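Heads up, the thing below is written out as structure tokens.
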Amino acid sequence: MAQVDFVNVDKSYGSFRAVKDVSFTVGDGEFVALVGPSGCGKTTTLNLIAGLLDLTGGEIRVSGKVINDLDPKDRDIAMVFQNYALYPNKTVAQNLGFPLRMRKVAKAEIKDKVEEAARLLDITHLLDRYPRELSGGQQQRVALGRALVRDPQVFLMDEPLSNLDAKLRVQMRAELKRFHQDLNATVIYVTHDQLEAMTMADKMAVMSGGVLQQYDAPERVFEEPANLFVASFVGSPAMNLLPATRVERDGTVFATGEGWELTLSDRNGAAARRSETDAIILGARHSSLALHETETSGAIPARIYTVEPTGDLTYAHVEVGDKTFVISVPPDRRIAADQPVWIGFDQNKLHLFDAKTEQRIAQD
Amino acid sequence: MNSRFRITRWHVMGWIFLATLLFFAVAPMVWMLITSFKSQFAALKYPPELIPQNPNLEQYERLLSPKNDVGRQFLRYMLNSIWVSTATTVFGVAVAVPAAYAFARFRFPGRKALFFSVLFRNMFPAVVFLMPLFIMMRWMGLVNTYTSLIITYLTFGLPLSIWLLKGFYDNIPVELEQAARIDGCTRFQAFYMVVMPLSAPGIIATAIYSFITAWNEYVYALTFLNDDEKLTLPVGLQRFFAEYATNWPGLMAASFIMSVPVVVMFLILQKYFVRALTEGAVKA
């Protein structure tokens, strides 16, 4: 297994820059998720590692060796495709053995390795079948097996679970994670599903518009999103964001908006002072907000728009001025649409962003 | 009570229409076959015998035996035709496969314009090019050579071949090649080991199409070739008409022999052909 370094990686198509100056390091044996909305450059980045696309600038190193100009076949990587890309005219055994055959491995050894991979993935009974005779989940396993059989330095996975139905996806997600733990493999995994990234990855690289927005462990990305994009992309339901104006009176910092004013704690006040301009944005996760039915000090007035019970939790959609907040409450809470409420903030879990730069303001 | 299928007036009219078409398609061939088994005398009888009274293979023996002049000549024409058609097919496939692949896979400046210009040729009737091409061939000193025919057939056959094959390559997911390249193939190996086998039906169909077109072509062969020795079957057959005008069974036997390769090839490979023609049109 290996460490992968991205150094100022750039990819342009004519005047369009699909990947802009991306740098990060995937540690040996780490599971890294490249995550972002479609068109953010994550699949392009993966194809750059695979060698299916040529870099416009920068370097990619695997185990310290620059691989920019190597053919895909010489990079010692394996890839699992979204549509699995199984060879339709070859049996499962032939599909699994193909990478070995191309590397001129002896026939007996190919047979052993194919059988071993098949046993590991529980597809031994399918070896003589053709891909079209398999279910989606089985095809997925074969695709994984074909990557596995070669014992490559790095595994690349391009949305490998997105063609599966919801139930199978959850099961395969757990299997993939387990597979990574057992093999201690270096995995780079592309997904648009932030939940998949959160649950599986050691680190997530959040991308948008070709730019790497944040690269960190999932819990850090969740707890300290680097900017407004990451804050709104990671977590479900998305973080509530409320534009406000910073006002200072008698040494106390307030955040104010139309018809409301919130006294900021010392820590948050100090942070707010570091904003370039008076325009700041408050961010709060649904679970860090309290819903009061009577006027409470430190809470801002709002109105219930609608109530969504999901069983475990009930999500209250609440209007604050022209913004809508989503707040989770226990399912036995009796609230109704159009009811006036007051939203209380947990200042320890409040996020602050500079409205001008859209960057997080560190609180310390 | 058969409520799911009721015979309506439209059905009946449809059947009559189809039967008429079938009659016009099949009757001449049947007549050709019947006549070829008759004696020369019986072939001229009026009213004609619908079933030959003394069927014999005399004409076939004569045509296919190199021991007499007619047979030698006929076999010569056949060999010429086989040579021209095979060369056209081999070169045609060799050019159409990479061209179609490039159109399907690569983005290069002028790709669209080039692709449509390839089809543009097919909008004109072939005869339009007869004189210009003849003048060009004479200028290049290619008149009375097979090269002139092979080049002409290629320019006429390639557009459709490329079009047919591109449909095939469009339907082969590009990820298969990417997977192959990651699995250890060079770009060429990925094409040769993964894409080619999957496009085999298309390649076979293209080959049949090229072969049949070249095998049947008449006008250009008549114009470009002079030596009796070099004639292809369609033109040679026409000479037969002139020289042996009274030997109808002989002519019919020769015509039948000429259509055999086409029919046999088509019967064996028709499923690929039908697939090729529909593949590009309907996305699977």
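Backbone N, Cα and C atoms are what each Cβ position is placed from, and that goes for glycine too.
As annotated by TrEMBL, domain 'ABC transmembrane type-1' applies to B:78-269. The transmembrane segment annotation in TrEMBL covers B:12-34, B:82-101, B:113-137, B:149-169, B:190-212, B:248-269.
Counting residues 6+ beyond its ends, the transmembrane segment (B:149-169) has Cβ neighbours under 8 Å at 84, 87-88, 91-93, 95-97, 99-101, 103-105, 115, 118-119, 121-122, 126, 133, 142, 195, 198-199, 201-203, 205-206, 209-210, 213-214, 217, 220-221, 224-225, 232, 276-277, 279-281 in the same chain. The largest share of C-beta pairs under 8 angstroms with the transmembrane segment (B:82-101) comes from B:190-212, of the ranges B:12-34, B:113-137, B:190-212, B:248-269. The transmembrane segment (B:12-34) is in contact with the transmembrane segment (B:248-269), judged by 3+ CB-CB distances under 8 Å for residue pairs 6 or more apart in sequence. Beyond the transmembrane segment (B:248-269), the same-chain residues lying 6 or more positions past its ends with a Cβ under 8 Å from any Cβ of the stretch are 29, 32-33, 35-40, 43-44, 58-60, 62-64, 70, 74, 78, 81, 204-205, 208, 211-212, 215-216, 233-234, 237, 240-241.
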